Amino acid sequence: MEKLVISGIKALGGKIQVKGAKNAALKIFPLAILTKEPILVSNLPEIEDCARAKDMLIALGHRVKKIRHGIVEIQFKNRSCVNLPSDIVNKFRASIMFVGPLLSSCQEVYFPHPGGCVIGAGTRPIDMFLDSFVKMGAKVKILENSYRLTAKKLKGAKIFFPRVTVTGTESLMMTACFAEGVTILKNCAMEPEISALAEFLNSIGGQIEGAGTPLIKIKGVRELKGGEYKIIPDRIEAGTFAMLAAASNTGEILIENCEPLHLEALWAAFDKMKINYRLYKNAIKIMPSKKILACDITTHEYPGFATDLQSAYTVLMTQAHGSSLIHETIYDRRLLFSDSLTQMGANIIMADPHRLVVSGPTRLYGHKLVTPDLRAGMALVMAAIIAKGETQIDNIYQIERGYENLAKRLRSLGADIKKVKK
Ligand code: EPU
């Protein structure tokens, strides 16, 4: 077991490179179920969630060969089973993404309820996935601790998502590729990762129109080929590094290999906060600001303010002048981590489970902490870097689910952060 030990208030500066997007990378593994031809994936982040997705694909009968850092080749070997192994499913929520492709190519699939971050209602429901598969002609049997889905042949259907769902949209987009006829998805999520996935599916023979808008039309095809897929840059990592640079406010930081246009809601908030920043085609420069002003945010589906940036934003607001209201609308438990910030000296009032009021600026102090989930963990790292004294963060598997080699990369900016054995 390891933990992070961070000694705060060191001047930061220099360059940092953004890795490929976790939430784009995770979907290429289930997509591979749909083709027998090889897929060459590049800019793949080497993170725990991708390792779990890779384990799952191998368990289902594929080969995943590492070519070099960030590049793998995926190739079908033989379909050994249609059971999603519970030890892998329990570790990550995105395992639900394997269900649709397996159902459409093998006619059946068994799986336990997916695990992952403890941020949503109950065990994070999968009702919209199941309801959609049923609309496409699948039979769903809910067993004691698992599900069994069968379908001789999925049929195109008209599906309206009652709530905007990212993995739901992506899952149905993939599943519908082999359904008979046309599938229409309404009230779809519009995240850049969805457009990237559709673009790749189309490049290997899919017929998808409208990805990146609320209405997606998928025409069923007989087969998909192989191809090359470059993972888009991680907008959450880029936005988080930008907020870290702003919160530290000690030097100039250039964030490279990113797509600033995927973060427009964050830049709108930066303008209100009077943060000194500059955007380039594939880079972001954050320069020291005179005075950061508090600014309210409400999380929203893309292109609104991403819930995955909310925890880092909360840390930034502890350094802003004035009071900010942070309204988390997507997940029920994503504000609970703010208790750790309060222990570090932040002035935060939880108005209700969906709203925080942060007053600043406040000096933060090092503390012994345990991270509850991935994004909260990254926010605690950020808080520790700007805090006086030493912070220890436990349960870092959660952070490593989504951030590659974090300690080393942050050290290159001047942060005093190391991973030590407990
Ligand atoms: N929901 C349901 N029923 C469903 C599916 C979702 O009620 O069948 C609810 C969820 O509980 C949540 C809301 O709908 O309250 C939205 O969830 P969504 O389905 O959009 O989330 P997701 O697809 O499971 C993806 C990302 C999340 C990110 C959200 C929102 C992946 C693998 N995960 O999750 O990423 O927060 O979209 O943008 O793409 C993260 O990276 O830390 C992370 C949690």
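Heads up, residue numbers simply count up from 1 along the chain you see.
Quick reminder: no glycine exception, Cβ is built from N, Cα and C everywhere.
The average per-residue pLDDT of the prediction over the domain 'Enolpyruvate transferase' (7-409) is 95, rounded to a whole number. As annotated by TrEMBL, domain 'Enolpyruvate transferase' applies to 7-409.
In the three-state DSSP reading, Asn23 (phosphoenolpyruvate binding site) counts as helix. Same-chain residues at least 6 positions away in sequence with a Cβ under 8 Å from that of Asn23 (phosphoenolpyruvate binding site) are, in sequence order, Ala94, Val166, Glu191, Glu193, Asp234, Ile236. Residues annotated as phosphoenolpyruvate binding site in TrEMBL: Lys22, Asn23.
Look at TrEMBL and you will find Arg93, Asp308, Ile330 tagged as UDP-N-acetyl-alpha-D-glucosamine binding site. In the three-state DSSP assignment, the secondary structure recorded for Arg93 (UDP-N-acetyl-alpha-D-glucosamine binding site) is helix.
Look at TrEMBL and you will find Cys117 tagged as active site, proton donor.
What TrEMBL records for Cys117 is 2-(S-cysteinyl)pyruvic acid O-phosphothioketal.
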### Residues that sit under 8 angstroms from Lys22 (phosphoenolpyruvate binding site) by C-beta distance, when 6+ apart in the chain
Pro45, Ile47, Asp49, Cys50, Asp234, Ile236, Arg401, Gly402
